[in-house]
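Listed in TrEMBL for this protein:
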- 27-50: transmembrane segment (TRANSMEM)
- 43-293: domain 'G-protein coupled receptors family 1 profile' (DOMAIN)
- 62-80: transmembrane segment (TRANSMEM)
- 141-165: transmembrane segment (TRANSMEM)
- 202-227: transmembrane segment (TRANSMEM)
- 239-262: transmembrane segment (TRANSMEM)
- 274-295: transmembrane segment (TRANSMEM)
């Protein structure tokens, strides 16, 4: 009973401290994250301008890329304003419901990004393993259905997390040792039994990230088998070249995702290292994605050059 008396009941606000152990330098760290956000926002906005207006890019891969760009913009908007307000202006306080809303949008957008990467892997699988049926398989209706399925799955599954957090009433602290509201960071504040929250978090994480990663790996195993059966070296290189951008984006997303996921639950990583890497995981892929795909695609490169240089 004594522990309950020392706890907070139905807190209205929480306090985000930023990066524990690095409070004295996080003002300067904020500038690097701000630069990454600017690159991410600029790059993805350019993709959202170019892809709809360039008819040659009206293909499944680039339609999925446009959805990925919109998701990346959403991630930056969800995390950056509050994080930079903490780093630069010392605005540590946040309404508890706003914290749950931020938690929902960050994790839901992560789930959508994972689902879009799976859809892009499926597109590469059909394009390389069954090219004659590519246009008949990935029709506009199928594309819209896939995007809606990805969005609904992420919204419904991640929506369970803040609902379960709202059923908790007693918290041992209202100080979150993080630069944004993250599910496990909030769960660890509770002074009640949180086995349901932790189990549900693991289930949702594996249902989305684990499921997608397994099927992306299966897709690429089948793709590589098909590529290695090609007799001409030039044909093999061309097939590999169409996949390199997606493979790079896939690796950067899932390596950082699973490091962040497991280190928060089972690891003994220094808090400042964990928070820096988890923030990098959220902000760096949105900045790299448009660069990776822009460098690989001649049409996108030309349109970007036209926007920045020839349009003046």
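The backbone N, Cα and C atoms fix where each Cβ goes, and this holds for glycine too.
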With the cut-off at Cβ under 8 Å and a gap of six or more residues from its ends, the chain residues touching the transmembrane segment (202-227) are 110-111, 114-115, 117-118, 121-122, 124-125, 128-129, 153-154, 157-158, 160-161, 236, 239-240, 243, 247, 250, 254, 257-258, 261, 265
Please report, as numbers and ranges, the same-chain residues at least 6 past the borders of the transmembrane segment (62-80) whose CB is under 8 Å from any CB of it.
33-34, 37, 40-41, 43-45, 47-48, 51-52, 102, 105-106, 109-110, 112-113, 116-117, 119-120, 123, 143, 147, 180, 279, 282-283, 285-286, 289-290, 293
So if I exclude everything within five residues of the ends of the transmembrane segment (141-165), which remaining residues of that chain have a CB under 8 angstroms from its CBs? That is, six or more out.
60, 63-64, 67, 100-101, 103-104, 107-112, 115-116, 118-119, 122, 183, 186-187, 196-197, 200-201, 204, 207-208
Intrachain neighbours beyond the transmembrane segment (27-50), with Cβ under 8 angstroms and 6 or more residues off its ends:
19, 57, 65-66, 69-70, 72-73, 76, 80, 83-84, 87-88, 276, 279, 283-284, 286-287, 289-291, 293-294, 299-300, 303-304, 307
